[in-house]
Structures are given as structure tokens and as C-alpha cells.
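*Asks:* Let me give you the structure first, and then I'll get to my questions.
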């Protein structure tokens, strides 16, 4: 089967091309119901429409920028004479309408902005104070919303249940059967009268309606689950100032006039204008396609919704929201594009197509054989050219059987079972604090062989406190508030002032009063810990901020591992402060404050003391930061770079971030599941090693390496080194990206990567599964991720892996069950038609069997919860066969048993049950065959719960869905046999006949036990051997490619030199 599918049915789990997605659609030759089959696949036409819209806007924006630059020359002397404020806007208390605001920002119209008195004039016309923000008065906010709209883009309406019923009716085979039923009704009533002649036709109609309503109910429930998940994905909060207080609100509550605080990694939530800030770089590629970041400042104040803050921080005045923005229009189109289909969905569409073609062939042959038998019989009877109503009904029944074989043979439920299982898993994972953004991530996570995890906030609690300091060359414990008070009393007052100035100014955090009137510290956990330390020393955040003027800010950069600020002091003079990784800042210092509070040059002894202090703090698993300053005696311009050297070391602080409870156990669980966990962090290597040992990540045979050392290694060294790396410290985003790329391409690993910062986006994008942190993660990181870990906990990542494996195994179980039914139903009907001239299973009965194996089977098997045993197996990896040898053994074994049973009953059933004297012996025997067949499927459904283990009943009662499906199937089977015989072509059975049917079905269970003990040659090679072999081959090929590339470069150098000469 895997060979038949070929590469044409392969798509990537991420970033598949439109051509690849279209290719498999074109290959789907036998599709009963396209509306249902392709419901949960990407709408490629809508994506093309969005791409065209983005391209048009890109061109439009480029022209607008050129025009606005040209208009700058003609602004002087112009007046605001052409604009009239609409009466309803004036009546609401505003002086500018939504359309005018939209034209200013979206059109980058500098001329109009100037005519409206700039950003301050716009704020005034929007009736907002730029310092205090909007009032929280509900009536005022509602009035503003009526004039300017809400910050939501238009979404397609939820489909009602009846839409799903209508779509279920679009099944081609069901429509053909409906026509057959209508003809049967007309002919039957004409020949046999009412109601006897209507029984067959009404039976088919009732079966069709039952199939349609059960299918529609299942699909409708799935759509509700996906809608709930979509709603969760869109829950994004943003910091605003309202009533003079900083607070978090949903982006959907934003209104024009809101003052929004943006920082690195945030997505701009609406169109707006720059109020204040430093070093702001905006990535507009998502909207315009331009990769070059745009500098936003007072001269170019336009901020567009959907763009990302690449660097810096600022305050923004919201001007335009929702569908009035270009991003809103684009998102309304993109939201209709849907998610990419997953590799399993595509692969199972391929399986359904192949089996469907086989089924269609068998259906045609079956009808041909039955028709030939009928014509032969009439030839022998001499009535070849004499056709009665009964003959027409018989021929119609044969045609209905052929069509129903197609219904049963085409496993339309296979790809839909993937969607059902994924929807179920995603809903459950949401309860376990994991939000899946892309469907494919669920199934890919089950194949993960490597997890590259951050340290801070993922393996640790992210609740940081300063517990040690080294100031004036003295190390002091800071475990209680009194310790901080004692420290201040020991330090010279001049040093305390510089220390507090550094803490409260050179920070990305802020101390604010929240809406409850309480003091709150905003910022990253590291910044929060430093600010808390400053407050415990008796500092006043706002007083320190007012005491000096900010000249330039360089926010923290994960590549440089530092941040800096230049201040203009109240008494004159300029001072630069820097803060960051201890060894990097210490290397930039040439002076230090000694134990007497004096600034002295750093000598060998003091340098050694500080380095030993850093190492001591790091060995205690503390994150270390160094604070330093320098006086800028030669002046400084805002265009200049903040100095990189010549600093005076103020001190070193050690920050405690405890390891999360349960992490060590989760890492051990990953190891037992064949998943390698690596820590990739920007921290000091000693800190990283201490935490890694505490988590159980770093073992005796593992390697801890620093990013700068890693990136200097040659390819040959990396090939040997990477499998042993367990910790990478002082890593840059590029180091993380390089490690992930090598693991995926060179070593053929399936890699999951965690990230929270803007610079983690490339690694999250490169990884097979990108895992962003929900609490500490930036919006840029979340958008690049496939799964958002809502509680930032490593244990949740392990839960995601467990659910991923569960999805994969559940779908395998369902495929095994459905293929067994397919094979038996096909072979039984075809062989019976060829040998006896009739089919033992009627159209109505086959429709019931189809529902058992399709909708109900998917519900029962595709929604099994994960078990602990799943994490004791090796991962499937990148190249595992989905339909394994174990599955084929079980499928063929059960199919053979069921076929032999049905054949025996057909050949010797009348003798076995002593039916020769009965007037309706054929009907009784066919009822027994149908009943036996159904119970064989029910017990095989139970067998399919475990593909390799003997105990299939373990945990069955805890799965209420499985028990409900099984119970309702048995109940309906009893009703069909005992009470609906007229419509279903059955007759009531005796108790003994019922017991024999159930017993024959039950015999499938001990046969399954026997089958599971049959050794398989293809299973002897372990997955680990396969993994290592594939790694070796990939490494060898990679090495050869690099050698060829190097030889080409060696040849190009002399040629290039000769050309230059």
C-alpha cells in the first residue's frame, strides 16, 4: 500500500506548496461526496485571492509612500479646507471620522496628518488624553464604538445542522440508491400493491436517512469543536492605558483613541500613530511582502495592523480598527482559506482512492455476474424476451447491491477519521493547557524524536528573585527583605544612586499602578526580579525616571546579550548604562567600584574575584547579570551607537529561578519513549549545566557546549558532536536554528522546538513542531509556532507528545478495523454473486454495515484517550510505514476467518441450523449470515483497540464513547433483526440462533490472540536500528555534498583571482 501511494500522495507537515496540495486533489478519482471529503482541507482558491490582495496592497503602499514623500514639498501654507466633519461624528463628541483616519494611516498621508496638527491634533480630535488614555465609562466606549466600529474582522457564519444534513445527502452513491428506492416503490406498488410492494423501497429510504443523520451529527459536532478552537487561537491580549492605569485587554476590545504599549515581538493590533518610544523597527512583510524592516518614529509615525515590532518599544495611538484596516480585509479572506491538510489525511485519501477503484471494479463485475445469471436462467426457462415487474425489481435489487458495494468499498471515512481524531485530541489538549494552531502538529508530535527546549520558564518556574549580589566586591545573600535593607546601609550613598539609576532606567520593565490601585511590576521575569530588587533597596521608580532625560535606548538583544541606555543628567553631563550577560559586560569594563566605594582600574586580582563570583553563582544554578556604567565626557548624539567598552562595573546579581516540579519525571519519561531532550539557553554554561543536571537532561556521556564554540566547528566535527549535545549555553537564535536544521536534515530527526522570543521565530519555523510559550511568548513567536503551551510548562510538552502518539495509533486502529470490513464485504458479495447468483447481504444491510464501520467505528476507535504505554515505545520517526506489517497480519487473519465463516454458513448453514423443512429457510439463513457478519465486526472492533497486546479489554469501561457506540450498535442490531424485518429483509431469530451468531463473532477474539503471537519478519529490525541507519546514510550523503561544494569553491578562487587580475 505504501508503495502504491508513491510520492504523489506525500505532503509536508508544514509549508506545503500549493502545487503539492492541488496534486493529490487531482488524483482523487473515486469520491462519493466531494463536499464532505474535502470539507476540512485548505481552500486553495481563497488563498490565491488573499495572495493577490496582498500583492495589490504592496504595490498600492509603494506608490503611496512615493507620493507622500513628494507631497512633503508642497505642505507649507496649505489649510484644512476640504474636510468636513460628519454631523453624527460631531454629535458624538469627535472631530474626525473613521474614513479620514483610515486614509491618513493606510495611505501614509503626511500631508493630511500635518493639516490635522499631527499626532497630538488627531488625539485631540479623538477626544483622548495621550497620557491617561480612554475613559472606562461604558456609555462613552459604546458611543465611540458606534462611530468607529469594533476591532474584529468579518468571519464566515457558522453552518447550521441542516447544512451538514444537506451536504451528507450530496453523496453520489446515496443519491443513486435513493433513485433505486423510488423506482422500487413505484414498481413494487404497481405489481404487489400497498403496503407490501413498498417495503423494499422504504427500507432503503430509511437506511439512507439514518446514514445521513448520523453522518451529519458527527460532522456538526466536529465543526463546533473546530470553531471553539479557532476562538481560543484568537484570544490575544495587549497592554493599554485607560483612566491613567496600565491594564491588559483583548485586542478585540480596542477602539480608536486607545493608547497601546508595544514591545519587541508584539503584533500591531490595529492601525495607529506613533506617540513616543525608542529604536522602533517594524516588520511589514506579512502585509506588504517587503522583508526590509521600517523605522517608525515621529517623522514616520504610521503603524499598520498585522505588522510586527522587530525592535524597540513605543506607545501607539489607535486610529482605525477591524474591517476598516487592510489587515482586517486580508484576514477575512485568509480565514476562509483553512488549514493545510495533514500528511495522514492526504495518505488516507490515497488509500481510500485506491480501495475505491478496486471496489468499483468489484461492483461492476458483481452486477455483471448477477445480470448474466439472471439472463441465463430466463434463457433456460424460455422467457428471455418476456420481462415482468418482478424481473425489473430483481434487476433493480442487483443494481442496488452493486451500488452499495461501492458505498461499503470506498472508505470515505478514512481521511475523515483523521479529522475526527485530531479534533478530539485538540479539544482534550486544550484542557491540558496546549493550544494547537495547526492540525498537522498533533500527528507530527507523535513522531518526534528530539525536543530542543528553552530553560527559562519552560524547565524552570519563571518566578525570579535576586538572591545574591556582589557589589563593591562583596558577596551578600539576599534571601529576605531585611537583607536588602542591610545591603543598602553598607553601601556608599553615591553608589546607591548610580545603582538605582541603572536599575530603574536601563530596563524593559515598568512599575505601574493597576486598575485596582495596587502597585504592579510589568516586564519579563528577569526585569521584574531586578526592579523588585531596586524597590527593596528603597528606590522610587518614577522619581528616578523623572530625574534624567533619555537620549537613546538599545533594547535587550539576544545576539549581543546586553541592553543599554544613555541619560542626560539633571545636573548636566551624559551617562551610559549597560546590563546583560555577566562575562560579556565584565569584558566591556576596565574599572570597578571597590570595597571602599571608589572607582579603580580592574587589576588581575579583582578580575579573578569577579569571574570566580560569576562561576560560583552559576554553579548554584543562578542566572547572573552584570550592571555597569560610563560617563560620556566627549558628548553623545542620538545617532551614535552606545559605547561597547570603557565601562565601570557596578556589581553582579544572582537570580534564582527554581526548576518546575515534575520536570525531572517528564524528562525521564521522554527518554524512555526514545525522545532526546536538549536544553538550548542563552544563560551562562555553568548555570545551564546545573539546571540540566537537576532536570535529568545532562548525563555523564552528554556534552554541554557554548554557542560561540558550536558555531566555529567544522561540518565533520558537528557530525560527531551533535548527537552527544545535551546542553547549549550562551546560544544565539542562529545557533538554535543551525542545531535544529542539522538535526532535521543531516540526522533525519523529527524535531520539536520551544521558543518565546521574537528571535526564536526562525527556529520555530524550521522545526517540525514549533512550541511557543503562552505566558512568556511574544506574538511573533506564537504566530510562528504550531502549538502554544499555555502554562509554559515542559510537562505539558510531554502531554502533547503523548496525545500526538495517541492520534497516530488511534487512526491505525480505525484503518485496521475498516480495511477488514472492506475486504470481507467485497469478497463475500463478489464470491456469492459468482457462485450462487445472489448476494447474501442486501442494500439495506450493507448500508447498516457501512455506518458501523464508517461513522460509528471512527467515533469508537479514533477517540481513544492516550495511555502510559504509548510513552514506552520508540517514536515512529520520519519514515515509518503507516499501515504496518502488524496491521496487515491482523487484517488478513481476521478477514480470512470471517470469510470462511460466511462461506461455511452459506454452504452448510441450512444443515447446521436444521432449516431444510422451513418455508422461509433462505430468509432465515441470510438473516443469520447478516447477524453473524455484524457481530464479527463488533468483536473485531474490540480487537482493534490493541494491535499487538493480548489484553484488549483494559480500560474499555473508562472510554464512554466506545462503550456507547458498542451498546447502541447491539441495540439497533436487535431492533433491525426482530422488528424491522419487513424493511431490512430479515426475520426474527430464535435464542439459540442468536447465541450461535454472537459466539461465532466472539471467536474472533481468541483468533486475534493467536494472530498476535505470530512473529513477523519485517518487525524484527527495531525502529532504533532503522533510525541509526537512516542517520548514517544521511550524514554520509551530507558529508559528500559538502566535500563537492568545497572542491568547487577551491576551483572558483583561482579562476576569480585571474579574472580580477
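Each Cβ is built from the backbone N, Cα and C atoms, and glycine gets one as well.
Whatever TrEMBL says is automated annotation, not expert-curated.
So TrEMBL has the following annotated:
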type: DOMAIN; residues: 115-189; note: domain 'Cation-transporting P-type ATPase N-terminal'
type: TRANSMEM; residues: 172-190; note: transmembrane segment
type: TRANSMEM; residues: 202-220; note: transmembrane segment
type: TRANSMEM; residues: 354-375; note: transmembrane segment
type: TRANSMEM; residues: 395-425; note: transmembrane segment
type: TRANSMEM; residues: 882-903; note: transmembrane segment
type: TRANSMEM; residues: 923-940; note: transmembrane segment
type: TRANSMEM; residues: 960-980; note: transmembrane segment
type: TRANSMEM; residues: 992-1011; note: transmembrane segment
*Asks:* Mind checking which residues of the chain, 6+ beyond the ends of the transmembrane segment (202-220), have their Cβ under 8 Å from one of its Cβ atoms?
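*Replies:* Contacts with the transmembrane segment (202-220): 36, 39, 159, 161, 164-165, 167-169, 174, 177-178, 180-181, 184-185, 400, 416, 420, 843-844, 847-848, 850-851, 854-856, 858-859, 980, 982-985.
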*Asks:* Of the listed stretches 354-375, 923-940, 960-980, 992-1011, which one has the most C-beta pairs under 8 A with the transmembrane segment (395-425)?
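*Replies:* Most contacts with the transmembrane segment (395-425): 354-375.
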*Asks:* List, by number or range, the same-chain residues at least 6 past the transmembrane segment (923-940) whose CB is under 8 A from its CB atoms?
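*Replies:* Answer is 817, 820-821, 824, 828, 840-842, 845, 848-849, 852-853, 894, 897-898, 901-902, 905-906, 909-910, 913, 915, 966, 969-970, 973, 977, 981, 985-987, 989, 993-994, 996-998, 1000-1002, 1004-1005, 1008.
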*Asks:* Short question: which residues 6 or more past the ends of the transmembrane segment (992-1011) have a Cβ under 8 Å from it?
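*Replies:* For the transmembrane segment (992-1011), the list is 889-890, 893-894, 897-898, 901, 913, 924, 928, 931-932, 934-940, 942-943, 950, 952.
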*Asks:* Can you work out the mean pLDDT of the predicted model over the domain 'Cation-transporting P-type ATPase N-terminal' (115-189)?
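*Replies:* In the predicted model, the domain 'Cation-transporting P-type ATPase N-terminal' (115-189) has a mean pLDDT of 82.
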*Asks:* Using DSSP, how many residues in the domain 'Cation-transporting P-type ATPase N-terminal' (115-189) fall into helix, strand and coil?
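*Replies:* So the counts come to 46 helix, 3 strand, 26 coil.
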